[in-house]
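Only one structure is covered here, and it is reproduced in the block below.
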Amino acid sequence: MSGTEPARRESSAPWSGSIRPRKPDTTSTAESFPTCSASSSAPPNTEHPVNFDSTGVLRIAVAAVCGAAVGVERQWSGHASGPTGRIGGVRTFTLLGGLAGLAGWLWTIGLPAVATVLLAGAVGLVLAGYVAVSRRDVEGTTEVAALVTLAAGVLAGLGYLAIASGIIAVTCLLLVEKSRLHSSIARLDDAEIRAAIRFAVMAVVVLPLLPEGPYGPWGGIRPRELWLLVLFFSGISFAGFIARRAVGVTHGYPLAGLLGGIVSSTSVTFTFARESAEHPALGKPLAFGIIAACTVMFLRILVATAVLNPDLMTALLPYIAVPFVLGIVITVLGWRRLDGGGDHVEAPSNPLELRAALQMALMFQVVLLAVHAAREQWGDTGLVVSGAIVGLTDMDALTISMAKSASEPAMVAAASQAIAVGILSNTLFKSAAAIVLGRGAVRVLVPACLAVMAVALGAALYFLR
C-alpha cells in the first residue's frame with residue numbers, strides 16, 4: 001500500500017490541479033490530455049453579450065430626441081388632440097423614436113430578430129392608428145411623419161447620427177411650413193410647372209444620354225459639355241423668372257445675377273443681354289444683374305485661390321481689390337436707383353428660353369473653337385498670354401490651372417499676373433457681348449461700368465508688374 005500511494009498521488013496530480021490554484025502553464029489542457037479535451041471543455045457560449053455602453057445610450061437618446069422634435073410640432077399644430085386627433089403627440093413620438101433607436105442598436109450587437117419584431121410592432125401601431133381615424137379624415141401626414149421618425153431612429157441606433165438629425169430637421173421644417181408651402185404652390189402657374197418639369201427632363205434624362213466627345217479639331221465639340229451650357233443658360237433664365245415673381249422685376253434680375261455669378265458671370269452676361277433685346281424696358285435691371293454677376297466673379301476667384309493656393313491668393317489680391325470694390329459700389333448704387341419702371345412688362349411665356357439657350361451655347365462653342373485654334377497656331381508664349389486666351393471664356397479653368405502651376409514660390413507672381421490678365425480679357429469679352437447682343441440700357445451701362453473696372457485692373461497690372 002505504501003508503495004502505491006506515491007504513484008496514486010502522482011497520477012492524480014493533474015486532476016487535482018484543476019481544482020486548487022496553480023501557477024499558469026504555457027501548455028494547454030488539450031495538449032496535455034488530447035483524449036479528454038472534448039469532454040472536459042465547457043460548452044460553447046451561445047448567448048449575446050449586451051454591453052450597454054455610453055455609445056448605445058447616446059444613439060438611443062438622439063433617436064428619442066428626434067422623435068420628440070416631431071412630436072412637439074404635431075402637438076403644437078393641434079394634430080394630436082381634439083376630435084380629429086392623430087396617432088399621438090410629444091410623448092408618443094418620443095417613445096417611437098427611442099424604440100426605433102433601440103431596434104437599430106440591437107441590430108448592431110447581433111440581435112436582428114428582436115429589432116425586427118420591435119419595428120414591426122411600431123409600424124403596425126402606426127398603421128392601426130391611421131385605419132382608426134381614416135374614416136373621418138384621410139390625411140396621413142402625421143402617420144407618414146411617424147414612419148419617418150422610425151426610419152431616422154433606426155439610423156441613429158445604427159450610428160448615423162448626423163443623417164438621422166438632418167432627416168428629422170427637414171421633416172420638422174416641412175411640417176411647420178405647411179401653410180407657406182401650400183400658398184406657394186397655389187401661386188404657381190402652368191408656365192412654371194411646365195418649365196420645371198422640362199428642365200428636370202433636360203438635366204436627368206437627356207444629359208446622361210449624350211456622349212462625352214470630343215469630336216473634331218481644335219478641342220472638338222463635346223456634346224455633354226455643350227448641353228451643360230444649354231442647361232446653365234436655361235437655368236439662369238428660369239432663376240430670373242422666379243426671382244422677378246418673388247421680389248419683382250426691378251430687383252429680381254440683379255438678385256438672379258448675383259446668384260448666377262457664383263457659377264459663371266459670362267453666361268449671365270450672354271443670357272441677360274439676349275433678354276434685353278426681347279424686353280428693352282428691362283434694360284436697367286438686366287444691366288445691373290450683369291454687373292452684379294461680374295462683381296461676384298472676383299469673389300469667386302479669390303475664394304478658389306484661397307482654397308487651392310493661399311500664396312497665390314495673397315499675390316492676386318492687390319490686382320483685383322480695386323475693381324472688386326468698384327463693382328460693389330456700382331452694384332449697390334444701381335440697386336438703390338432702380339425705380340421699378342419695368343414692373344409692367346409681361347412675364348415671358350417660356351421661362352426656360354430654350355431656343356435662345358441653344359443659340360448662345362452654339363455661339364459659345366464657336367468662341368471655344370476659335371480660342372483652341374489660336375493656341376494651336378501661336379502656342380502659349382508664356383503664362384500671361386495663356387491667361388489672356390483662356391480667360392476669354394473660362395476663368396475657372398484658368399484659376400485652377402494657375403493654382404496648380406504655381407506650386408513653387410518663384411511661379412506665384414507670374415501666375416497671379418496671368419489670372420489678372422485673364423480677368424481683364426474676360427471683362428472685355430463680356431463688354432463686347434453686351435454691345436453685340438444687348439439693347440437699350442444694357443448696351444450702354446454694362447460696357448461703361450465694366451470699362452471702369454477694366455481700367456482699374458489694367459492700372460494695377462501696369463504699376464504692380
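Here the Cβ of each residue, glycine as well, is placed from N, Cα and C on the backbone.
Look at TrEMBL and you will find 1-49 tagged as region 'Disordered'.
Annotation comment: TrEMBL describes 1-11 as compositional bias 'Basic and acidic residues'.
Marked as compositional bias 'Polar residues' by TrEMBL: 26-44.
Residues 86, 88-98, 100-102, 104-105, 109, 142, 145-146, 148-149, 152-154, 156-159, 161, 164-165, 168-169, 171-172, 175-176 of the same chain sit 6 or more residues outside the transmembrane segment (56-76) yet have a Cβ under 8 Å from a Cβ within it. Look at TrEMBL and you will find 56-76 (among others) tagged as transmembrane segment.
The domain 'MgtC/SapB/SrpB/YhiD N-terminal' annotation in TrEMBL covers 61-183. Note: the domain 'MgtC/SapB/SrpB/YhiD N-terminal' (61-183) comprises 97 helix, 0 strand, 26 coil (DSSP; helix = H, G, I, strand = E, B).
Annotation comment: TrEMBL describes 88-107 (among others) as transmembrane segment.
Residues or ranges marked as transmembrane segment by TrEMBL: 113-133 (among others).
Feature annotation from TrEMBL assigns transmembrane segment to 145-176 (among others).
A Cβ distance under 8 Å defines the sequence-distant neighbours of the transmembrane segment (196-214), meaning residues of its chain 6+ beyond its ends; these are 220-225, 227-228, 230-231, 234-235, 238, 352, 354. Annotated transmembrane segment per TrEMBL: 196-214 (among others), in sequence order.
The transmembrane segment annotation in TrEMBL covers 226-247 (among others).
Same-chain neighbours of the transmembrane segment (253-273): 229, 232-233, 236-237, 239-240, 243-244, 247, 282, 285-297, 300, 331, 334-335, 338, 353, 356-357, 360, 363-364, 393, 395-396, 426, 429-430, 433-434, 436-438, 442, 446, counting only residues six or more beyond its ends whose CB sits under 8 Å from a CB of the stretch. Annotation source TrEMBL lists transmembrane segment at 253-273 (among others).
As annotated by TrEMBL, transmembrane segment applies to 285-304 (among others).
Residues annotated as transmembrane segment in TrEMBL: 316-335 (among others).
Sequence annotations record features per position, and here TrEMBL assigns transmembrane segment to 356-374 (among others).
Taken from TrEMBL, the feature transmembrane segment covers 410-429 (among others). The list of residues near the transmembrane segment (410-429) in space but at least 6 beyond its ends in sequence, with Cβ under 8 angstroms from a Cβ of it, reads 265-266, 294, 297-298, 301, 305, 309, 311-312, 315-316, 319-320, 323, 382-384, 386-393, 395, 398-399, 402-403, 450, 453-454, 457-458, 460-461, 465.
For 441-464 (among others), the entry in TrEMBL reads transmembrane segment.
Scored by C-beta pairs under 8 angstroms, the transmembrane segment (113-133) has its highest count with 145-176, from the stretches 145-176, 226-247, 285-304.
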